[in-house]
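**Student:** My questions will all concern the structure given below.
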Amino acid sequence: MVLCFPLLLLLLVLWGPVCPLHAWPKRLTKAHWFEIQHIQPSPLQCNRAMIGINNYTQHCKHQNTFLHDSFQNVAAVCDLLSIVCKNRRHNCHQSSKPVNMTDCRLTSGKYPQCRYSAAAQYKFFIVACDPPQKSDPPYKLVPVHLDSIL
């Protein structure tokens, strides 16, 4: 039985994180996953920037938008007036000013060799916000989903 435990442990490590396309890695809070996916104060080339996201999900994400702003500034949008989200919930908030962002779109490749094109944009955004979890920053609400770009 002693030999089985190391083998089981090895299998768990090699299996790695596997999550569906619509889910976030369960070891992260939704706000932390939002930050990983969408907050990038200084623009990076899409192929490099998407590695971090794709390594969590173990697949090439088809499209992703990076907001070139701080988590603190995006979280401040959660204090603005609530509006209806695409999913009909009432926890969305629109930015009061446009921000620089990069839209990354998958052009070719299979994980881990994902290749992306980039489009720089200067637009408003809408985020869904929820109360923070224990390990989140201590804001009243934190961004958990990028609902749309305007």
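Cβ atoms here come from the backbone N, Cα and C positions, even for glycine.
Feature annotation from Swiss-Prot assigns signal peptide to 1-23; the stated evidence is similarity to another entry. According to Swiss-Prot, the feature active site, proton acceptor maps to His38, an assignment based on similarity to another entry. Taken from Swiss-Prot, the feature disulfide bond applies to Cys46-Cys104, Cys60-Cys114, Cys78-Cys129, Cys85-Cys92. Annotated N-linked glycosylation site per Swiss-Prot: Asn55, Asn100, in sequence order. Summarising the annotation, Swiss-Prot assigns site 'Critical for catalytic activity' to Lys61 and lists similarity to another entry as the type of evidence. Feature annotation from Swiss-Prot assigns substrate binding site to Lys61, His62, Gln63, Asn64, Thr65, Lys86, Arg105. According to Swiss-Prot, the feature active site, proton donor maps to His145.
Give me the structural setting of these features: burial, nearby parts and distances.
**Tutor:** For the recorded site, His38 (active site, proton acceptor), the DSSP three-state label reads helix. Residues within less than 8 Å, Cβ to Cβ, of His38 (active site, proton acceptor) and separated from it by at least 6 positions along the same chain comprise Asn64, Thr65, Phe66, Leu67, Val74, Pro143, Leu146.
Using a 10 Å Cβ-Cβ cutoff, Cys46 (disulfide bond) registers 22 neighbours. Under the DSSP three-state reduction, Cys46 (disulfide bond) is assigned to helix.
In sequence order, Pro112 make up the list of same-chain residues 6 or more apart from Asn55 (N-linked glycosylation site) whose Cβ falls under 8 Å from its Cβ.
Every protein chain considered, the tally of other Cβ atoms within 10 Å of the Cβ of Cys60 (disulfide bond) stands at 19. In the three-state DSSP scheme, Cys60 (disulfide bond) is classed as coil.
Taking the Cβ of Lys61 (site 'Critical for catalytic activity') as centre and 10 Å as the limit, one finds 18 other Cβ atoms among all the protein chains shown.
Every protein chain shown contributes to the tally, and the Cβ of Cys78 (disulfide bond) ends up with 23 other Cβ atoms within 10 Å.
All protein chains considered, the CB of Cys92 (disulfide bond) has 23 other CB atoms within 10 Å. The secondary structure of Cys92 (disulfide bond), as reduced to three states from DSSP, is extended strand.
Residue density at Asn100 (N-linked glycosylation site): 15 other Cβ atoms are found within 10 A of its Cβ, drawing on all protein chains shown. Under the three-state DSSP scheme, Asn100 (N-linked glycosylation site) falls in the strand class.
Reduced to three states, the DSSP call for His145 (active site, proton donor) is strand. Taking all protein chains in view, 23 other C-beta atoms sit within 10 angstroms of the C-beta of His145 (active site, proton donor).
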**Student:** Using the alpha carbons only, what distance in Å do you get between Asn100 (N-linked glycosylation site) and Gln63 (substrate binding site) once rounded?
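**Tutor:** Roughly 17 Å, rounded to the nearest whole number.
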**Student:** If you measure from the Cα of Gln63 (substrate binding site), which of the disulfide-bonded residues Cys104, Cys114, Cys129 is the nearest?
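**Tutor:** In terms of Cα distance, Gln63 (substrate binding site) lies closest to Cys104.
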**Student:** Which residue, of the disulfide-bonded residues Cys85, Cys104, Cys114, Cys129, has its CB surrounded by the fewest other CB atoms within 10 A?
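**Tutor:** If we count Cβ atoms within 10 Å for the disulfide-bonded residues Cys85, Cys104, Cys114, Cys129, the smallest count is at Cys85.
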**Student:** Largest pairwise Cα distance, Å, within the listed substrate binders Lys61, His62, Gln63, Asn64, Thr65, Lys86, Arg105?
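**Tutor:** Site span for substrate, by Cα atoms: 21 Å.
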